[in-house]
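Asker: Next up is a structure, given as structure tokens.
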Amino acid sequence: MSNRTFQRGDPIGHAFADPALLARALRHRSAGTPHNERLEFLGDGIVNLLIAEALYQRWPKADEGALTRARAELVREGALAVIGRTLNLGERLTLGPGELKSGGHRRDSILADAVEAIVAAIYLDCGFERCRAVVLPWFEASLAALPVGKAEKDPKTRLQEWLQARQLPLPTYALISESGDEHAKQFHVACILEQPVARAEGQGTSRRLAEQQAATLVIAQLDSNT
């Protein structure tokens, strides 16, 4: 599966002066070098800056905690993967045979990485101002959907605050297993409470995502017992 040049009217919203940047941004490491991991690294920083700036301007009364939680929600893997699908990146990725066979073009982690790489490619192609103008509209619906200044706290934070409010021991997160190739990891984690006694297991493409899922399930257990 290989990339095609973005045509006028394509959802990405940018015509590359240097098509090689686009090609590299869409080339997964499974397809060999050069691949998009360095662009992904740069794009991660740019996306965080763009979203931080947008939230800072839109939420003048929000405190640091609310801004941080909102940014985390907008740049998480699942949210970026949704953008990747909206931009039709999956069908344009250059993948190795193994990833093609396993449906890598549909995997959240690969799509999220590709979005970050595309952001970096746009930045290198035309500079920060143009990059902001192209990329922020991708996030507009998600930005508008956030309750102003009151971003939903992630499950781990909510669980911790619930326990602290009752002066109970904080949860323990234990790694049960880690599997998969380096670019397609799967983590299996348990969230364990001493008091009240509770345990749940979560899985995800990163340890953080697995812990969040496990915390969500523990919260559901606590809610059902109250």
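Glycine too: its Cβ is placed from the backbone N, Cα and C atoms.
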Asker: Quick one: which of Glu37, Glu40, Glu182, Glu194 does Swiss-Prot put in the Mg(2+) site with Asp113, Glu116?
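Answerer: Record check against Swiss-Prot: Mg(2+) site with Asp113, Glu116, extra candidate from Glu37, Glu40, Glu182, Glu194 is Glu40.
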Asker: What does DSSP assign Glu116 (active site), in three states?
Answerer: helix
Asker: Would you pick out, from the recorded positions Glu40, Asp44, Glu116, the residue whose Cβ has the largest number of other Cβ atoms within 10 Å?
Answerer: Glu116
